[in-house]
Amino acid sequence: MASEQQLTAIKGAKVLMVGAGGIGCELLKTLALSGFQDIHIIDMDTIEVSNLNRQFLFRKSHVGQSKAKVARDAVLRFRPHISITPYHANVKDPDFKVDFYKQFNVVLNGLDNLDARRHVNRLCLAADVPLIESGTTGFLGQVTVHIKGKTECYECHPKPAPKTYPFIHCIVWAKDLLFAKLFGDKNQDNDLNVRSSDATSSSEHAEDVFERKKGEGIELYGRRIYDHVFGYNIEVALSNEETWKNRNRPRPIYSRDVLPFEQIQQNGNVDKNLVADDPSSVSAMASLGLKSPQDIWSLKDNSRIFFESLKLFLVKREKEIGNLTFDKDDQLAVEFVTAAANIRASSFGIPLHSLFEAKGIAGNIVHAVATTNAIIAGLIVIEAIKVLQNDANSYRMTYCLEHPSKKMLLMPVDPFEPNKSCYVCSETPLLLEVNTHCSKLRDVVEKIVKAKLGMSCPLVMHGSALLYEVGDDLDEDMVANYAANLDKVLSGLPSPITGGTILTVEDLHQELLCNINIKHREEFDEEKEPDGMVLSGWTQSPVKEKDDNASINNGASASHAPSQAVSLEGKEDSEIEIVPVGTGSVLPGKKRKLLDISEDTVPYLSSITDETSSKNKLEEIDDDDDGDDVVMLDDGCSDGIKKKRLR
């Protein structure tokens, strides 16, 4: 039972939640049941069929609707007297400035991408509002507390440099939704017919498109499926203008535009699959004469593989349909999933992948675990209550482990003090080595200010001279002047930038200001320093090469943790990331005992580590609950960064 003091703090608190996905659903429920009276939620996403197995506030009828709004309505049904304010918007929208954050007592993050996390971290620092970070992937999870001036901020120490890998979403869609719908259990809760409650249902689309009609030819059936999932469903999704306000719009793809019906009929040679009694020998590639699994097929070839693999399942493996589950060793299944994923990727402007790459991805996906989300949500609320009571001595960063470490499945550790070298919360100057006679201002803005420092609305100054600015309130002459500056070399600007000068960059939205000392350098190693410039004082883990044996996870978050825990940095719904091992420090060897938390407060749960493998580093975890991340574990020791615990 909460104490009288805790109840008072809870009822008087105004809370901002960012993210209404896997963690967000659990968190909103837990906040409401814990007595919080005033909750605000920001989430730009709409509900997808693939969310329904774990984001329990959503139902089939909600597909296509705003997550934030539906989550609010669902919770108000069992807690009707509390106030929940939803925002179906991007957290980086200009509506959510520092003044917006100042109205809250605490901010709770359930985000799925590094860029948005950094943005919220900076606004919380500017508004002086406590931030509680969280993330899960499979059985792993973590919760961290960030208080301005007292604990490290989200950006105090290196984060894994995520490589965007949106193709994984396409693989998940093709494998878990389309393949399962066509060839798996017909009774499972997976309905690709359902796309949007706002969509008008014609008689054609009111019926089950995936049910083959009596006497319908295979080619006509295949064409109908293709046009529905890659054409009609995309058009329905596009009808929700709000969803695509800040995203690239996909393009509907219809079979007639890629492969005329006559070519579909003449597509492959089924007779090339000679061993009819061996299902594993059936191959669409063999029928079409495609040989190398490492070739990247064109949209036309992917469409041919799609139709041919569907035909082979219906002709050669008809008895298995209804009982099939995806197996990475099933050649025909891998061919179908690769083709379907690539066609969807083409629709969303995502680079296509070879069958070899797709097979590696599809065989290593780690799905979200609803229980982990529930545990992490409980831990978030516990830390939020401590923050509301200003109980700094009790703050903990807690890691949820997959395997017991010293008989513990929850590993709480003390937070760390702010890093005095952090350019975000300590305003430490950075150093930029650059050839000021060759590099243009555009290079600095795109490669450094936006890509590395994460500023979305930057302003660049040299002394009192304003060199670059963005904003809706600029007149045409100013816009033209700044555009002209972008294409000038640094030393050729109206206020020349040369070695020894100081560049000031600022993001008025984030209220972040940073000074960059310029050091002129003539030459750079094209292989090791491809940007043609080097930023020092800014710490981020190096990107590692993709590992075919890497496990693919559904999401992740942010900080440092004991022994082998894995943590991830994340993505938005259309974006997945490969998260390489960073160079961040490992926690000191001393481990605290578990806090005296009763099972009524937090159930004791799942695990991350094993005593025999405690040399592995812990990366951070984002709630990428709507997609999948690749996480790579390396053995290694601390890079020598020393951090002081907050005690």
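Cβ coordinates are placed from backbone N, Cα and C, and glycine is handled just like the others.
Predicted automatically and left uncurated, TrEMBL annotations should be read as such.
As written in TrEMBL, here are the features:
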type	residues	note
DOMAIN	4-423	domain 'THIF-type NAD/FAD binding fold'
BINDING	19-24, D43, 51-54, K67, 112-117	ATP binding site
BINDING	C153, C156, C422, C425	Zn(2+) binding site
DOMAIN	307-359	domain 'Ubiquitin-activating enzyme SCCH'
DOMAIN	432-524	domain 'Ubiquitin/SUMO-activating enzyme ubiquitin-like'
REGION	524-572	region 'Disordered'
COMPBIAS	550-566	compositional bias 'Polar residues'
REGION	608-647	region 'Disordered'
COMPBIAS	620-632	compositional bias 'Acidic residues'
Cα-Cα distance linking C422 (Zn(2+) binding site) and G19 (ATP binding site), given in Å to the nearest integer: 26
C156 (Zn(2+) binding site): tally of other CB atoms within 10 A of its CB: 25
D112 (ATP binding site) CB neighbourhood, other CB atoms within 10 A: 34
Near-site residues: Zn(2+), ref C153, C156, C422, C425, CB cutoff 8 A to centroid: L125, E152, Y154, E155, P418, N419, V424, S426
Sparsest-packed of the listed binding-site residues (C153, C422, C425) - C-beta count within 10 angstroms: C422
Distance, C153 (Zn(2+) binding site) to D43 (ATP binding site) (CA atoms, angstrom): 23
Alpha-carbon distance [C153 (Zn(2+) binding site); N53 (ATP binding site)] in Å: 33
Lowest local Cβ density among D43, D115, which the record lists as binding-site residues, within 10 Å: D115
Rounded Cα-Cα span from D115 (ATP binding site) to C422 (Zn(2+) binding site), Å: 17
Composition by DSSP (helix, strand, coil) of residues within the domain 'Ubiquitin/SUMO-activating enzyme ubiquitin-like' (432-524): 24 helix, 30 strand, 39 coil
Around the Cβ of N53 (ATP binding site), the count of other Cβ atoms that are within 10 Å: 14
The domain 'Ubiquitin-activating enzyme SCCH' (307-359): DSSP-derived helix, strand, coil residue counts: 35 helix, 0 strand, 18 coil
From binding-site residues C153, C156, C425, the one whose Cα lies nearest G22 (ATP binding site): C153
Local Cβ density at G19 (ATP binding site) - other Cβ atoms counted within 10 Å: 29
Cα-to-Cα gap, C153 (Zn(2+) binding site) vs D115 (ATP binding site), nearest whole Å: 15
Integer average pLDDT (0 to 100) for the domain 'THIF-type NAD/FAD binding fold' (4-423): 87
